Amino acid sequence: MAEEEPRIGVYVCHCGVNIAGVVDVKEVAEFAKTLKNVVVARDYKYVCSDPGQEIIQRDIEKYDLNRVVVAACSPRLHEPTFRRCVEEAGLNPYCFEMANIREHCSWVHMDDPARATEKAKDLVRMAVAKARLLESLETIKVDVTDRALVIGGGVSGIQAALDLADMGFEVILVEKEPSIGGRMAQLDKTFPTNDCSICILAPKMVDVSKHPNIKMYTYAEVVEVDGYVGNFTVKIEKKPRYVDEDACTGCGACAEVCPIEVPNEFDEGLGMRKAIYKPFPQAVPSVFTIDEEHCIRCGLCEEVCDADAIDFDQEPEIVEEEVGAIICAIGYDTCDPTEREEYGYGVYDNVITSIELERLINASGPTGGKVVRPSDGKKPKRIAFIQCVGSRDPHRTNPYCSNVCCMYAMKLAQLIREKYPETQIDIYYMDVRAFGKGYEEYYERSQKQYGIRFIRGRPAEIVEDPETKNLIVRAEDTLLGDVVEREYDLVVLSVGMVPRDSADVIQEVLSISRSPDGFFMEAHPKLRPVDTAIDGIFLAGACQGPKDIPSSVAQGSAAAARAATALAAGEVAVEPIVSEVDEEICGGCGTCVELCPYGAIELVEKDGKLVAEVTAALCKGCGTCAAACPSGAMEQNHFKTEQLYKQIEGAFRDPA
């Protein structure tokens, strides 16, 4: 294609008035006709429309065009549209070039139409200069392993695994903790229906364990991922439980005789568990785990285990799995409230977090569902909730809203009022964000039916009465314009969501990006909300950002659907705009290997010397290697050095 005489068609889009309201599009089209190798140039109101595309296709046939340039909006928006358009007319889709005269001209130079028009001409001249050297490229096809990996066994990961398994794909589910279930397993009820949380979750957990297409690794972590979309090799480290999962019946005799008690993490340290334990009654798998750090190896559990399931000889084990797609659903942590020193968490016994209250009010919690003060075990008569602890605080903690705190505070307040109607409850808030289906009605019900008082103002300080252990909350009521000071028996901090501690490791293992707030970054917030920048790796649930249970479940299903798109096809198409190596001049220095952000390049030995080799399925065409190569051995398809030089020359003059 590059050797034949270029015959170029140029099409200038009005984009309604987005471009034509500033840029003189007719003048730009007339200018394009003067450029070498341009056979036809037109302007049209909406080139991306069906009639606009038909004009291009007719011209390709009529004028025997072998290159097409469209001057319009961002390539991110309509480049795929026009590539498909020219391909349908028999032209290679990579013999198309786009000049962005909307974002780069009309939108940024609205106050200077004349200069915007001249700049548009420059961009068209540059695009035509590059188009003369465009080459036909062929899409790369990659075979797909029709299995998926789901990292994280919370409700979002569970939903993703079940959806994929129900579609007929084999799923590998990896959970870091001894049981799947995640945060939802800790909750008592779910808003806005106040349904029993575990009653909803437990059947899905059982479905995962029983599904013939799901292989579950609990108490395990993904430690290494190699490969690319359709062909990932995953290494999983199984931590030793010191209990044979296949032999254990979950009877609990071992825990009954174990002499060691330690704070129970599942109950947020409010209750105790044994050194051999099951996280919660509905745990899946329903087997016990020995806490190596606290076990004293007394042997009592071995003596009473009729199933002979205790195995102190277990060691960490690495297993390897081949998958075609990966869904990351590792969930979230709650923020550390000690960062807000003025609230006294960790100093005052009766200042607790919302997740601690969840465990107190839960019938399977450390108090059997009784809400009591940690200081003396008495039932609190006056309770204050403080919102936005760790959220919407750009100077001290996190700038973002955690989405769920307003709603779960109302839920907990309602549950307390149902159990103890005489309890007085105040919620100190900045703004109530009741955005979901049925949430506004839930908010109104909290006030009118349950008598919960909402005080608009962020408390400045909490102090403790040393004799009664009661807490005095000082805040400004911004609606009344008064400073209020009220005494409470218990203060609950509504803590926000933060990224998991393990997010650093997962980011490195998967080579995915994180947004400034620390959560994993999606490829596009609107158009590709569950994709990552790495093909074949998807996001689900709160690891991508704070969200409630319905949104997490929906995103789990969305991620499963996106993964299934690749798995079901049997092969995936990889864009050929990738780097290639001229092995004759490659010196094997490894600069490209070190700089490639996608791990797409490695050094291999060929004919007795080291040369770089690009895995096309991993390459994203970013051009880092081509820019850094000291010998000029790296060239990126569609952005080759000569093409870019001609484009640069075109910025100043017609290089022809």
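Quick reminder: no glycine exception, Cβ is built from N, Cα and C everywhere.
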Given Swiss-Prot lists C295, C298, C301 for [4Fe-4S] cluster 2, the same-site residue among C258, C328, C335: C258
Binding-site annotation, Swiss-Prot, [4Fe-4S] cluster 1: partner of C248, C251, C254 in C196, C305: C305
Further binder of [4Fe-4S] cluster 3 named by Swiss-Prot next to C586, C589, C592, taken from the candidates C619, C622, C629: C629
Rounded Cα-Cα span from C248 ([4Fe-4S] cluster 1 binding site) to V155 (FAD binding site), Å: 25
Top Cα neighbour of C305 ([4Fe-4S] cluster 1 binding site) in the set of binding-site residues A161, L164, C589: A161
Least buried by Cβ count (within 10 Å) of the binding-site residues V155, C298, C586, C629: C298
Of I158, L164, E170, C248, C586, C592, i.e. the binding-site residues, those within 10 Å of C625 ([4Fe-4S] cluster 4 binding site) when Cα atoms are compared: C592
Close approaches to the domain '4Fe-4S ferredoxin-type 4' (610-639) from elsewhere in its chain (Cβ under 8 angstroms; 6 or more beyond its ends): 94, 134-135, 137, 140, 142, 228-231, 533, 535, 572, 574-583, 585-593, 595-604
Rounded Cα-Cα span from I158 (FAD binding site) to C619 ([4Fe-4S] cluster 4 binding site), Å: 31
